[in-house]
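What follows is a single structure, written as structure tokens, with notes after it.
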Amino acid sequence: MIPVTEFRQFSEQQPAFRVLKPWWDVFTDYLSVAMLMIGVFGCTLQVMQDKIICLPKRVQPAQNHSSVPNVSQAVISTTPLPPPKPSPTNPATVEMKGLKTDLDLQQYSFINQMCYERALHWYAKYFPYLVLIHTLVFMLCSNFWFKFPGSSSKIEHFISILGKCFDSPWTTRALSEVSGEDSEEKDNRKNNMNRSGTIQSGPEGNLVRSQSLKSIPEKFVVDKSAAGALDKKEGEQAKALFEKVKKFRLHVEEGDILYAMYVRQTVLKVIKFLIIIAYNSALVSKVQFTVDCNVDIQDMTGYKNFSCNHTMAHLFSKLSFCYLCFVSIYGLTCLYTLYWLFYRSLREYSFEYVRQETGIDDIPDVKNDFAFMLHMIDQYDPLYSKRFAVFLSEVSENKLKQLNLNNEWTPDKLRQKLQTNAHNRLELPLIMLSGLPDTVFEITELQSLKLEIIKNVMIPATIAQLDNLQELCLHQCSVKIHSAALSFLKENLKVLSVKFDDMRELPPWMYGLRNLEELYLVGSLSHDISKNVTLESLRDLKSLKILSIKSNVSKIPQAVVDVSSHLQKMCVHNDGTKLVMLNNLKKMTNLTELELVHCDLERIPHAVFSLLSLQELDLKENNLKSIEEIVSFQHLRKLTVLKLWYNSIAYIPEHIKKLTSLERLFFSHNKVEVLPSHLFLCNKIRYLDLSYNDIRFIPPEIGVLQSLQYFSITCNKVESLPDELYFCKKLKTLKIGKNSLSVLSPKIGNLLFLSYLDIKGNHFEVLPPELGDCRALKRAGLVVEDALFETLPSDVREQMKAD
């Protein structure tokens, strides 16, 4: 016997592939085994038993009326007559005799073989081999897509990912998270489902729905305690699965080789079925038990007509009918498969029912080979697709990232990052994380939260636990916010800083923060660069006092006018873009501080002169060359701080004397060569910065500034200091470094409050010992060359070094 197991390799496949074998493939596999057994059984009989048994035919000669036989008739006789036998001597004894052919065993074997080859129909001879070959072809066709490299690699990869997704603890955890959603989200989902149900009156929607999914409405009942027991390792494994599913989906959805190959192998099986049915039905009658054999072998055997018995004809006839039945069932199954392939839209797969049953609304529909494999899996078990769908959801992925983030950033680890910011608030900076850890909201002492380069941030309702939170910084973050969290921020948030690159990073909910006092915006608002990024109305920001815009606008945004009545400080940092239209400034009547930095201004804007409440004006890093308009500042009675630094101003007009209320004047980094004596008629000046200019002489009228506390002429060309400078008894900081001074007057000892002195970079040879009279001056506050410091008396040096 030939063992059937020898043919296993033709249909052998990995056990995991069974998930891609629908019921019809399993059924045809069993039919193939049955047909294979028929073929093997027939072949075994062919090999082990006699194929045919033949006997010569006796042909009687034609009879004549004459007593003498005709010689020619005797010769023509087909079969020679045996020689006459003598009659028995005893007539009473009867001997049984058969027909004798005088043929030996070798001749019989020769006759059998010749008649088998010449007389027996080819179908009767090769029937079992045909059955065996056809069955093997069927088996090869059924499993070819599992063996072909272009398709088997995708199948193996898919099944590997599918098994891991099915067994992953995150699947249960994700469904648990969905079942615990906020009531608000559930209500929204119900409303959406009701609306969609109203629109679709019939049972069929636009998307293809899997029949198996409709027939098995699975209800997920999740144990919360078990779902919460996802450790860090399992979280990392689930995260890796999400990445694998993403890459696999992109790869498989590009083509349809699996679908095309499955269709082709099914079509091939149908064609083969039709051929088998056609020729077997026509030839099955050729299998006969008795076969007449006429072969010209009379010279070797003495006979040429034989009557043969095909020993297996009866069995082969029954096997052939049985085989035809199996093939018919096989073919009908293949025809049903073709109907399923062409009637159903297998290149698209909708998770509509999964979305409804699980509540995960963002599971995407898939197409091409990815969709085809999911349809095949549904024929095996729809639960695989449902659990696999969890790893296609961005919501599920974000929740996993959130869980991993919470495990990584514990409250103790976050508290180690706390620091005090420029506003003297306790701040937590978080940079380039995958999300916002929920553990942040356990740090109740937090006053400022700074998020940088974090995508898809969701601010939950638990932010209400941060009772002390007043400041929020969002730098290149796309932020969504829960309605309860928004209500909390409307009541508590005082400072908001937003740095954005596109519209998604400019939160739309910021326009409703009614208690917001400070708003800092950094990003492009230019129509040439980002046409969609515009400021909406700020009229709801009733408490806004400070507005800072660092952008490249050509005019003051119209939205700023909405808060002009209560805005106190306005800052525009324009990154070199020319600020042309400033008429909106006139409407900001309550403005006390104005900064127009790097706006490419060539003149002081006339709109500034209308701001009667203005106290501080900063025109840093512009292109100012002349400030003749400064005379109009006399109308600004409250102006105390004027910053004209980092410009190209060559001289200071005498009209500056009319700014009698001026207390702080910044003129550094300009091209001023001459200091007008009228400058010092502003006798309220406490801070005067003239560093980095081309000044050579300081007028003695500087002694009039009795309130002067800070004076800097660093990096000029001054050769001597007037003695009147030392009349400024309140001077605390004196910076005269990098000049051409050669002598430091002993009168410096009159500056009893001097605590910082910079004289480095001059031509001093010795320091006056009167520096010791400056009791507030210590070694750390004295910027001087070490060698020059050693020229002081030892007691003075010791005094300065002492704490």
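Start at 1 and count along the chain as shown; that gives each residue its number.
Keep in mind that glycine also has a Cβ here, set from the backbone N, Cα and C atoms.
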With Swiss-Prot as the source, do Arg18 and Cys293 lie on the same side of the membrane?
no
Which cysteine out of Cys308, Cys322, Cys325 is the one Swiss-Prot pairs with Cys54 in a disulfide?
Cys308
Name the cysteine that pairs with Cys115 in a disulphide bond per Swiss-Prot, restricting the answer to Cys293, Cys322, Cys325.
Cys293
Long-range environment of the repeat 'LRR 3' (446-466) - Cβ separation under 8 angstroms, sequence gap at least 6
182, 398, 418, 421, 423, 425-436, 438, 440, 472-485, 488-489, 495
Cβ-based contact of the transmembrane segment (23-48) with the transmembrane segment (315-339), 3 or more pairs under 8 Å:
yes
Could you break down the residues of the repeat 'LRR 3' (446-466) into DSSP helix, strand and coil, giving a count for each?
5 helix, 8 strand, 8 coil
